[in-house]
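Just below is one structure, and these are the notes that go with it.
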Amino acid sequence: MDRVLSRADKERLLELLKLPRQLWGDFGRMQQAYKQQSLLLHPDKGGSHALMQELNSLWGTFKTEVYNLRMNLGGTGFQGSPPRTAERGTEESGHSPLHDDYWSFSYGSKYFTREWNDFFRKWDPSYQSPPKTAESSEQPDLFCYEEPLLSPNPSSPTDTPAHTAGRRRNPCVAEPDDSISPDPPRTPVSRKRPRPAGATGGGGGGVHANGGSVFGHPTGGTSTPAHPPPYHSQGGSESMGGSDSSGFAEGSFRSDPRCESENESYSQSCSQSSFNATPPKKAREDPAPSDFPSSLTGYLSHAIYSNKTFPAFLVYSTKEKCKQLYDTIGKFRPEFKCLVHYEEGGMLFFLTMTKHRVSAVKNYCSKLCSVSFLMCKAVTKPMECYQVVTAAPFQLITENKPGLHQFEFTDEPEEQKAVDWIMVADFALENNLDDPLLIMGYYLDFAKEVPSCIKCSKEETRLQIHWKNHRKHAENADLFLNCKAQKTICQQAADGVLASRRLKLVECTRSQLLKERLQQSLLRLKELGSSDALLYLAGVAWYQCLLEDFPQTLFKMLKLLTENVPKRRNILFRGPVNSGKTGLAAALISLLGGKSLNINCPADKLAFELGVAQDQFVVCFEDVKGQIALNKQLQPGMGVANLDNLRDYLDGSVKVNLEKKHSNKRSQLFPPCVCTMNEYLLPQTVWARFHMVLDFTCKPHLAQSLEKCEFLQRERIIQSGDTLALLLIWNFTSDVFDPDIQGLVKEVRDQFASECSYSLFCDILCNVQEGDDPLKDICEYS
């Protein structure tokens with residue numbers, strides 16, 4: 001065992017197996033330790049891949065070498081290496097061999113033969129050891145013949161015992177001597193025949209207890225020798241292999257005519273009886289079909305790996321098996337079943353009141369069709385399938401009730417009303433509602449009774465979405481109230497609004513978008529009452545006092561934002577606190593449609609903040625803070641630094657990636673921006689991105705006018721885009737506007753002119769300049 005592995009490999013293997021050195025060679029314990037370590041070192045169990053690979057390599061080498069050692073070692077030590085020469089006294093005395101001749105007493109070795117020859121001489125002095133030859137000392141014969149011998153011929157008691165047809169080789173051992181080339185044994189034709197009572201010898205592959213050869217008897221015996229099996233006999237006087245260390249004598253087999261004739265007749269009788277017992281089967285003339293007829297393809301389910309259940313099935317097998325299945329299919333409680341013949345086969349069509357899997361039906365039928373072919377499929381169209389299988393070329397044999405009818409498969413149509421999703425989507429699109437929760441709130445409110453609705457009776461301006469759509473959507477809202485997919489319906493409607501808005505941005509020019517926004521504002525102004533009209537005119541008067549020549553300034557700003565020329569499109573509002581910057585920016589966002597962004601946040605959160613600008617006409621960077629303030633009371637911030645890092649966004653020359661949460665990035669031109677900030681110092685790189693800069697100053701009379709007229713603040717007239725739209729139509733002629741809305745502009749101007757004359761508007765303007773309530777001594781607003 002010390003030669004199986006090198007010393008380093010042996011120590012490494014024992015280390016991996018976690019075994020002490022004294023257990024080297026204990027194959028059982030080593031194998032058990034290998035299994036335990038394999039579970040610990042396997043990569044799938046959390047072990048090391050390298051250690052597992054090393055253990056497998058060493059263990060495989062160890063097993064291979066041990067196997068080769070067992071196969072190759074005999075009386076000569078390792079295969080291909082001559083045994084050491086011992087002293088003559090030791091070799092002749094029959095004592096133990098040298099310490100390096102492993103397994104020297106193994107079966108068939110020279111020491112094994114010597115010991116047993118000495119043993120037999122003690123009991124039988126007449127025993128003669130077989131002669132030794134040069135060939136017999138090379139390799140032991142380990143073949144053991146286990147077939148029973150043929151009965152001896154009683155008429156020839158003096159026949160010479162037959163010997164083996166040569167020495168058998170161990171298939172696992174490579175023979176070093178090529179001169180030994182025994183013929184392979186022939187395969188026996190006949191079955192085993194019983195050994196006669198007179199045969200006392202037997203066995204093979206070594207020395208027998210009686211001292212005879214493998215087919216012979218003891219020398220002093222009186223029994224006649226047995227004939228060798230026919231597949232060991234060789235024709236003529238062909239010389240066979242000689243004796244070896246196992247006790248086989250050199251000789252040759254000679255054929256016996258009687259044995260040959262007896263074996264030939266015995267072989268023929270066995271072959272004849274075997275032929276009569278199992279005659280060859282004829283090939284089936286009509287092979288089993290591979291699928292259902294093509295005329296039934298459209299009515300069957302062709303799913304193979306499906307767990308879906310069905311109430312109707314069609315079984316295809318032989319006629320006899322289908323008849324048997326027709327009688328035993330009651331396990332599934334069929335409501336209807338019929339037996340059909342088709343060519344050489346049959347079909348069973350049945351319907352059940354409960355649904356079953358196809359595999360369950362097929363497994364049940366396969367118990368009765370172990371040999372016959374069987375096919376089973378579910379029927380998706382029972383009535384149509386029944387009409388086909390009961391017509392030619394099919395032949396209806398029997399059925400448990402007179403046919404199937406169409407009325408058995410159709411129920412009276414039940415009128416089930418569902419929520420009209422399209423109607424909800426149209427409602428959201430008409431009112432520009434992109435909030436799913438707001439849409440759901442409106443529709444749940446529409447489920448109330450229209451006659452008793454308080455919101456509809458008041459018809460307030462801020463509730464016009466409700467009282468304009470309540471009666472129209474009341475019936476659909478009742479169905480929506482009991483619907484389980486309310487959130488899904490509202491989310492789809494909101495997505496439709498966003499999709500329509502994005503499509504409009506792609507297809508329309510910015511001038512067309514501005515025209516549409518102005519038209520919506522004019523329509524809202526047209527619906528105002530007299531008191532509300534004066535309130536909006538007060539807001540127009542307040543804005544005209546905010547900046548010098550404010551109508552022209554507003555017109556330039558709208559033109560700048562609409563044309564959207566790269567590097568000539570951004571506007572900066574800079575001034576002290578409470579100077580009107582945020583109010584004007586909010587009104588622009590309301591008029592044009594946009595979002596307000598906060599870029600004073602850290603840079604890692606800026607990406608999602610900028611993503612809000614998707615599909616917007618304009619954005620507002622509100623209250624941007626810088627690092628260097630002209631007013632020492634201002635707090636520093638990161639807004640200006642972030643603006644400096646957004647040059648591609650501010651320029652509008654290239655598309656930038658905008659991303660929102662739970663959605664993919666979208667590449668588009670960043671919209672123009674209106675930036676409001678206090679008195680901070682801007683770097684030159686940021687200053688160059690603004691084409692128009694408006695410096696605001698604090699005007700106490702404007703602040704006092706707002707404080708004295710709380711309705712301007714409560715109704716957010718200053719922050720409304722409708723106020724700026726009214727300012728445009730109040731100060732410009734209709735020719736300035738698009739021809740499509742010139743008629744609406746003239747109509748709204750005439751409406752407001754009828755409510756407020758020019759002299760009355762001048763009084764409102766004077767009140768604002770004096771810091772009084774704009775509507776003082778003009779009207780009482782409540």
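Glycine residues also receive a Cβ, built from the backbone N, Cα and C atoms like all the rest.
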Fill in the blank from the handout: Ranges in play 175-182, 215-222, 223-230, 279-286, with Swiss-Prot marking motif 'Nuclear localization signal' at 279-286
Exercise for the section: Match it up for me: which of 142-146, 422-426, 477-481, 537-541 does Swiss-Prot list as motif 'LXCXE motif'? Expected result: 142-146
Handout entry: The one of HIS466, LYS581 whose CB sees the fewest other CB atoms within 10 Å, among these binding-site residues
Key = HIS466
Handout entry: For the motif 'Nuclear localization signal' (279-286), mean pLDDT (0 to 100)
Key = 61
Handout entry: Any further residue of that chain within 8 Å (Cβ to the Cβ centroid of GLY575, PRO576, VAL577, ASN578, SER579, GLY580, LYS581, THR582) of the recorded ATP site
Key = ASN678, PHE696, CYS698
Completion exercise
Across the binding-site residues (CYS453, CYS456, VAL577), the Cβ with the fewest other Cβ atoms inside 10 Å is that of VAL577
Problem - Cα proximity to LYS581 (ATP binding site), best match among binding-site residues CYS453, CYS456, HIS466, HIS470 - result: HIS466
Problem - Same chain, 6+ residues apart, C-beta under 8 Å of the C-beta of PRO576 (ATP binding site), given in sequence order - result: ASN631, ASN678, GLU679, PHE696, THR697, CYS698
Fill in the blank from the handout: Note on Zn(2+): the CB centroid of CYS453, CYS456, HIS466, HIS470 has further same-chain residues inside 8 Å, namely ASP445, PHE446, LYS448, VAL450, LYS455, SER457, LEU463, TRP467, ARG471
Handout entry: Inter-residue C-alpha distance, GLY575 (ATP binding site) and HIS466 (Zn(2+) binding site) (nearest angstrom)
Key = 41
Problem - Candidate nearest HIS466 (Zn(2+) binding site) in space, where candidates are the binding-site residues VAL577, GLY580, THR582 and distance is Cα-Cα - result: THR582
